[in-house]
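Participant: I have a structure here, written as structure tokens, and I will follow up with some questions on it.
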Amino acid sequence: MRIAKKHRSLLTAACVLAAFLIGGSFVPNFLKPANFLNVIRQCSIIAICAVGVTQVIVIKGIDLSVGGNVTFCGMLTGLLLGMGVPVPLAILAALVAGLLIGLISGVLHAYLEVPAFIATLVIGQITQGASYLFNNGRSFGGFPESYVFLGNGSLLGIPISDYIMVVFVLAGVFVTTKTAIGTHIYGLGGNELVLKNAGINTAKIKLFVFSMSGFCAAAAGVLLAAQLDTAHPTQGEPYQLDAIAACIIGGVSMSGGEGKVILSMVGALVIGSIRNILNLLSVNSFYQNIFVGVIIIAVVAISMMTRARRESKTAQFAAAEPGALKE
């Protein structure tokens, strides 16, 4: 187990190093402080989504509603602000909506036993479609300064969005490492039957995890709309892929039971850096998605090959051990 974690940490570190070496070598201005702060600001949205997605993947699930949820909650915030609703209430309404969206996915998966990828895919499509209905497919914009400040303001030279990201990451780390439900989350990913035999209500754990993923996506949607000073019915789409990629690069095992929120944040930094490099090179967003998809496949393939090699060595050692004892 320790060796496996070491391999994942090394892979994450290698991805970070590669991103910065490539960016620094081939992209002008990439390593300048102003651009670096911009990268951190961009990856804050990815990292917040990844906090929730990490927990979903740890329990052997997947959340394909993230993109739709990000868009829906951003559009809902824009709608409410356009109606004159105070900024705090508009944000609160969007966060509650995102939480409920995650809750619905959790109910479908945990209680109706709908596979996670189907449940979240359907919910994602519904929220994406609903986002078009808010303003007949048009954007909202011209938000109050106090709201835009959340996405573009700074404190002590650090973007406010980065402080918000750190709060979410620290909360995710605390929940997964310092609470009983965090222990149960990893236990559920490792062996659900063991938890059930111990009298643990695994359905409630799943409900909690998907609800938190929905809440994180909602927060990301609210923050993204503030950063852009606009809410558009497609702006959340890239973040679904990016959040999953951040988790995988951060070493979260698709087999469940393993992964750390803090490393998913590092993975978000890698994805944010890659997006920034491609933007500076004027690469079309469609090609960017292809590139990120290839990275996901490559990292998963490397992880699976490493896992297979490790299990093979373990099996060989176990087979050889009885013979060694006889001698």
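Each Cβ is built from the backbone N, Cα and C atoms, and glycine gets one as well.
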Participant: Per TrEMBL, which of 66-83, 228-245 is transmembrane segment?
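Facilitator: Per TrEMBL, the stretch marked transmembrane segment is 66-83.
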Participant: Quick check for me: are there 3+ Cβ pairs below 8 Å between the transmembrane segment (39-59) and the transmembrane segment (286-305), leaving out pairs under 6 residues apart?
Facilitator: no
Participant: Are there residues at least 6 beyond the ends of the transmembrane segment (207-226) whose Cβ is under 8 Å from a Cβ of it, and what are they?
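Facilitator: Sequence-remote neighbours of the transmembrane segment (207-226) are 44-45, 48-49, 51-53, 55-56, 59, 61, 63, 65-66, 69-75, 77-78, 91, 94-95, 97-103, 105-107, 109-111, 120, 140, 143, 147-152, 161, 164, 168, 175, 181, 185, 235-236, 239.
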